[in-house]
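**Q** Structure in structure tokens, see below.
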Amino acid sequence: MKKKKIFIGTIISCVMLALSACGSSDNVVTSKVGNVTEKELSKELRQQYGESTLYQMMLSKALLDKYKVSDEEAKKKVEEAKDKMGENFKSTLEQLGLKNEDELKEKMKPEIAFEKAIKATVTDKDVKNNYKPEMKVSHILVKDEKTAKEIKEKVNNGEDFAALANQYSEDTGSKEQGGEISGFAPGQTVKEFEEAAYKLDAGQVSDPVKTTYGYHIIKVTDKKELKPFDEVKDKIRKDIEQQRLQDTTGKWKQQVVNDLLKDADIKVNNKEFKDTFKFLEKK
């Protein structure tokens, strides 16, 4: 089974289903070099896009069955799209083959439901595990342990950490800022790095820490006092939700897809599409 995309454009899906319902021999195109009938076009579309379309349709049904989306929620998303696109909004609707905003609202409902599904993966345990003090963290990343130890020795001898980061660090995203990691928070770095960082107090520098990226010398430049859990739990939850919505690995999106489609108890009755949901059996 080919790897599935989470959401695929719906316009070809609509065209394909409309044509397949016709099954007509009427010509869609006539030319000197040959004609194309509705039946031929329908067959071609089914072969190329049928599996993806069926997958998307079932995913949308599963999402909207479990996560209800109101017209008001969809309308809000449409208004956000209008503000973002400005004068291009109307032409974009036309390019998508949509007649009006109401049709766009319906198309957006599964995606809104998907956002709700991703957010629902955040548990109370996740929130508790991310209950940690706010910190500002800098680091110097190098490939080998020998170099890391040499740099740590320079830090111990009083050399400026930021200057050393600018000179030696191989993390191009932070070296120009003296090694400072923008927006450091739980769950945003690899486990070894995070555990080492949270053991440090403000002003402390770690020994070399090995991760899959290399060796890090970590410095905590600021560490806030931990606020009461009840004061920050909502913010922690929202932060985790945003992390998962923006996760580029696709881990949380795929987890949602697998769980929803498994629970849907899908049975494919058409041999042409018998392998569409085979990937669920391997999970």
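If you go along the chain as it appears here, the first residue is 1 and each next one adds 1.
Placement of Cβ uses the backbone N, Cα and C atoms for every residue, glycine included.
Sharing the record's features from Swiss-Prot:
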type	residues	note
SIGNAL	1-21	signal peptide
LIPID	CYS22	S-diacylglycerol cysteine
LIPID	CYS22	N-palmitoyl cysteine
DOMAIN	132-222	domain 'PpiC'
**Q** Mind tallying the domain 'PpiC' (132-222) by DSSP state, helix then strand then coil?
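**A** For the domain 'PpiC' (132-222), the helix, strand and coil counts are 31 helix, 23 strand, 37 coil.
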**Q** State the mean pLDDT for the domain 'PpiC' (132-222).
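**A** Its mean pLDDT is 96.
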